[in-house]
Structures are given as structure tokens and as C-alpha cells.
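**Q** OK, TrEMBL features for this one:
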- 314-324: compositional bias 'Polar residues' (COMPBIAS)
- 60-224: domain 'Flagellar M-ring N-terminal' (DOMAIN)
- 260-450: domain 'Flagellar M-ring C-terminal' (DOMAIN)
- 314-336: region 'Disordered' (REGION)
- 21-42: transmembrane segment (TRANSMEM)
- 473-494: transmembrane segment (TRANSMEM)
Amino acid sequence: MNEWLQKFIEQIKTLWGKWTLVQKIILIGIVVAALVAVVVMVRVSATPTMVPIIDAPIKDENARDRIITRINEEGVKTTVSSTGVIMVSDEKTARRLRSILIREDLIPSGTDPWALFDRDRWTITDFERNVNLRRAITQMVTEHVKALDDVDDANVTIVMPERQLFQADQNPVTASVIITPRPGSDITTNRKKIEGIQKILKFAVEGLKDENIVITDQNGLVLNDFAGMQDLDRLELSKREQRLIQSLEVQYRASVLKALQQIYTPDRVRDLNIKIEMDMSKKAIQTEEFFPITIKPDNPDTPYDDSEVVKSITRSQSTSSTKWEGTGFNPEGPAGVEGQTPPAFKDMSNLYGRVEQQTLTQNEEINRRQIQEERSPTINRVTVSVNIDGRWKIKYNDKGEPVINKDNSIEREYIPIPDEELKKAQALVQDAIGFNRSRGDSVTVQNIQFDRTKQFAEEDAAFLRQRQFQVTMLLLLVGITVLLVSFLIFRIVSRELERRRRLREEELSRQHQMMRESALRQAEEEGVEVSMSVEERKRLELQENAINMAKEHPEDVAQLIRTWLLEE
């Protein structure tokens with residue numbers, strides 16, 4: 001094997017040496033192209049296969065954007081092809097997202113429901129084709145239901161009866177689903193999720209209606225009996241209504257309490273009680289009103305009402321007048337026949353008469369307003385109660401110091417809120433909540449003292465501690481001042497004693513020097529030869545230098561002498 005490999009390498013070297021430069025470049029290009037092709041094939045084969053969520057392309061951009069936004073909320077990465085098909089990475093994710101889109105009515109209206117379960121089935125007979133179709137639909141629906149996060153397991157049964165000639169003999173399509181909820185799931189009580197499963201079945205099976213679908217849990221309890229869930233829906237509706245009332249109360253309380261606390265400080269207005277009674281029933285009200293016609297509106301710049309109002313205006317008018325004068329004619333009927341004229345008219349026969357008649361017909365127009373409104377919900381009554389504390393003022397003596405009681409507490413004076421100010425605060429609260437006396441609203445603002453025993457005790461203790469600290473610091477400063485004054489006095493006295501001692505020593509030294517000089521002078525006068533040793537001369541020079549230095553720097557010399565004395 002090694003010999004064959006060596007021969008092969010030798011042949012390649014021989015051929016490489018015989019080839020021209022162009023042939024070598026062509027060979028290198030072929031090798032590079034082959035390597036690039038291999039890399040591309042590996043990359044393409046390693047790319048995960050994308051699975052469409054809906055096989056049919058979605059042409060509507062708005063619908064496609066809504067679907068992609070909902071899928072992004074689930075944290076799933078999607079890809080949209082050039083034809084508008086939305087795809088994900090695997091089949092399991094596609095089934096789960098497909099169920100969510102069906103449940104939330106995000107499938108476009110023009111999408112074929114059968115495209116969700118598009119499977120190619122090749123068969124021979126119509127019977128086998130129908131059986132395979134039913135099995136495929138059942139399997140696909142089961143996978144979709146199992147893909148839901150709240151379902152641990154599911155069993156789906158779909159019955160598709162044979163088509164009959166007459167519609168009256170046709171049996172409906174039915175479906176039954178048994179689901180096993182996952183622990184902690186609320187699918188058994190969440191109506192929206194159960195309706196989502198119903199929609200999955202309706203999209204999957206043609207002709208399937210809601211009344212022919214039964215969804216139960218593993219215990220046999222029917223979950224899609226929405227008629228029997230009316231009590232639960234009513235309870236849920238009551239909870240929502242209570243949450244709405246509570247949110248409205250919190251909103252009113254926050255706004256009113258903030259306004260009062262900005263005026264009276266949060267310590268004086270601690271809480272506000274508000275109760276809102278609301279009518280959650282839905283009412284349809286139709287009202288027809290008749291009101292006068294305004295000829296001239298009121299001028300807001302004038303202090304009085306100068307508007308002109310009439311009850312109605314004339315739209316049309318018709319007048320007719322009739323006058324008659326003469327003898328009335330009373331027909332007797334055919335000759336020879338007794339007339340049937342009443343006796344009262346017979347007595348008036350051949351009498352002279354005069355008649356005048358005037359008729360006036362006038363059509364009036366009035367203002368009319370027809371109102372149709374639906375009210376839900378409406379506020380029936382609002383009650384508010386708030387307590388505002390007065391002000392506490394500390395009493396001071398003539399020296400400007402707080403007055404201390406016998407129990408070491410600070411004497412305070414309570415200043416209540418005037419009634420006029422309480423009325424202003426009440427008006428402020430009424431305007432803030434939209435006070436309406438006709439619906440029975442009530443606003444109460446009282447001035448009741450808060451229990452501040454604990455607060456005052458803490459303030460008194462802090463004041464006493466501060467006062468004790470001030471006294472202690474004052475005594476400490478006085479002591480330090482006394483020490484400093486004592487030290488200064490001691491220093492001055494010491495310096496004075498030292499100065500006197502130094503003067504005394506200088507005086508003694510000067511006297512000794514004078515005595516020595518006089519002795520030398522006397523010896524010289526007597527002619528006695530005085531001989532001094534080298535030590536004496538040095539001593540005399542040092543003494544003179546010391547005297548001169550003492551005159552120039554007396555303090556330094558005194559310190560030097562003091563040091564010598566201490567050494568001795």
C-alpha cells in the first residue's frame with residue numbers, strides 16, 4: 001500500500017512538472033470549486049427543515065403582521081417565504097401555534113380550513129379514501145389538541161355519517177373530545193380556552209356545529225356546557241364589576257387625597273373613605289323631548305338673560321269665511337206623500353234667517369328631540385368621608401423657650417380648623433368627585449383630633465435629649481475654658497518667676513565679675529605680676545561671650561542655664 005501511494009505521488013509530481021502554468025491554474029480552480037461545492041452542500045443539508053404553520057399563503061399584509069406579532073409573543077422565531085407562507089422550525093411548534101391562532105380567531109377569513117390539515121392520501125376506492133380522510137383528520141386534530149400547553153393528553157373521536165339523498169334524513173357530524181388537563185392548568189374553568197378547542201374541531205371537520213361537540217375531562221365532566229356555566233359566568237362578571245368599582249374608588253381616593261394633602265400636609269390628612277354605588281345593568285333608553293324654540297340666544301356678556309324664546313312658530317295658516325241670509329228651503333218630498341221632516345224643523349219652515357261663519361286653520365311647529373341611548377354602567381351614588389386634623393402649637397415662655405410641664409412634657413395648644421375652612425374643603429371634595437345632589441351623593445368633612453400621644457412622647461424625649469446634650473456641651477465648654485484660663489495664668493506666673501530668677505542670677509554674675517575685675521585691677525596697681533593659665537583665659541573669654549550673648553538673647557541664655565542646672 002505504501003509503495004502504491006509513493007508511486008502515485010511520484011506520478012503526480014512528474015505530471016505536475018510537465019504541466020504548463022495554465023494547466024496548473026485550471027487544476028487549482030477545479031479543486032477550489034469542488035471544495036466550495038462540498039461546503040455549500042454541507043451548509044444546506046445542515047439547515048433545519050422549515051414547517052409551515054398554514055399551508056395556504058397569506059396575501060393580506062395586515063393579517064400576516066398580526067399573526068407574526070402573536071407568534072413573537074410566544075417567543076418563536078418565524079420565517080416568511082416569498083409566497084407569503086409563515087414557517088417555523090419543527091412540526092410540534094407549528095401545531096401548537098396553529099391551535100393558538102385558531103383559538104384567537106387570527107386565521108384569515110379567506111383561508112381554506114382544509115389547508116390546516118393538508119395531507120396527500122392515495123387510495124383506490126372511495127370507501128378507503130373516506131376512511132383515510134377521517135383517520136387523518138382525527139389524528140391531526142388530536143395532535144393539535146395535545147399541542148396545547150394546558151393539555152397533557154387528549155382523545156378525539158369524530159363521526160362522519162354517510163351522505164343521504166334527502167337533507168331530512170342526513171345525520172349530523174358529531175365529535176367528542178376527552179382531555180387530561182396538566183397540573184395547575186385552568187382550562188376546565190377558562191371558557192375562552194374551551195371555545196378554542198371547539199374552533200379547532202369546527203375548522204377541521206366540515207359541517208360540524210357547536211351543539212354536536214362534546215368536550216369532557218378525564219372524570220367525565222362536560223366542559224363546553226356553556227348553558228350550565230351561566231352561574232360561573234355570572235360570578236366572573238360580578239368579580240369584574242367589583243374590580244371596576246374598586247379601581248374607580250382608588251382613582252377618586254388618590255386624586256382627592258393628593259389635593260387635600262398638598263393643602264393640609266399628609267400628617268393631617270391620613271386617609272379618605274369613599275364608596276361608589278354603580279348600576280351595572282345595561283339599559284336602553286328612548287326619550288322624546290319637546291322644548292321651546294330659541295329666537296335669540298342669550299348674550300353671555302350681559303348680566304341678565306336677554307334671550308328670546310317662543311313655544312312654537314307658525315308653519316302654515318288657512319282662513320275661510322261663510323255668510324248666508326234668507327228663507328230656508330224645506331223639501332217636502334214627492335207630491336201626495338207625507339213628508340218626514342221632524343216637527344221642530346217644520347215649525348222653523350218659511351222663517352227668515354242669517355248665518356255668518358269664520359274658520360281659521362293654523363299649523364304650529366315645535367322643537368322636538370329624540371334620544372336613544374344605552375347606559376352601562378352608571379354611578380348611582382358616591383359617598384365620601386374625610387377627617388382633617390387641626391394644628392398643634394408649642395407654647396413658649398418670655399425667654400423664647402418651650403414651656404415644660406411637671407411631667408417633663410412640652411405644653412402644646414390645639415388649634416381647630418374653622419367651620420368656613422371645612423366648608424371650603426368640602427366644596428373642593430365635591431367638585432373633585434362630580435357631586436350630584438339629585439342622585440343622593442354625600443360628602444362629609446370633619447375636624448377630629450388624631451391621637452398623637454406616642455408622637456408627642458417621642459418629640460418630648462427627643463427635645464429632652466437635645467436639651468440635656470446642650471447642657472452637657474455647655475458644662476464641657478465651661479470646664480475647658482477654665483482649664484485654658486488656669487493654664488494661661490500658670491504660664492504667665494511661671495514666666496514671671498523665671499524672669500525674676502534670671503535677673504537675680506545675672507545680678508549675682510555681674511557682681512562676681514565686678515569683684516574679679518576689681519581684684520585684677522588692684523593687683524595690677526600694686527605691681528603684682530598676675531599670671532593666668534590658658535584655662536583661665538578661655539574661661540574668661542567664654543564668660544565674656546556668655547555675657548554678650550545674654551544681653552543680646554536673654555531668653556536663649558536663660559534656657560541654656562536652666563538646662564545646665566538640671567544636668568548638675
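Glycine residues also receive a Cβ, built from the backbone N, Cα and C atoms like all the rest.
TrEMBL does not curate its annotations; it predicts them automatically.
Structural setting of the listed features?
**A** Averaged across the domain 'Flagellar M-ring C-terminal' (260-450), pLDDT for the predicted model comes to 83.
Through the fold, the transmembrane segment (473-494) approaches none of its own chain's residues that are at least 6 residues removed from its boundaries at a Cβ separation under 8 Å.
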**Q** Could you give the residue numbers and ranges of same-chain residues that sit at least 6 residues beyond the compositional bias 'Polar residues' (314-324) on either side and whose C-beta is under 8 angstroms from one of its C-beta atoms?
**A** 353-365
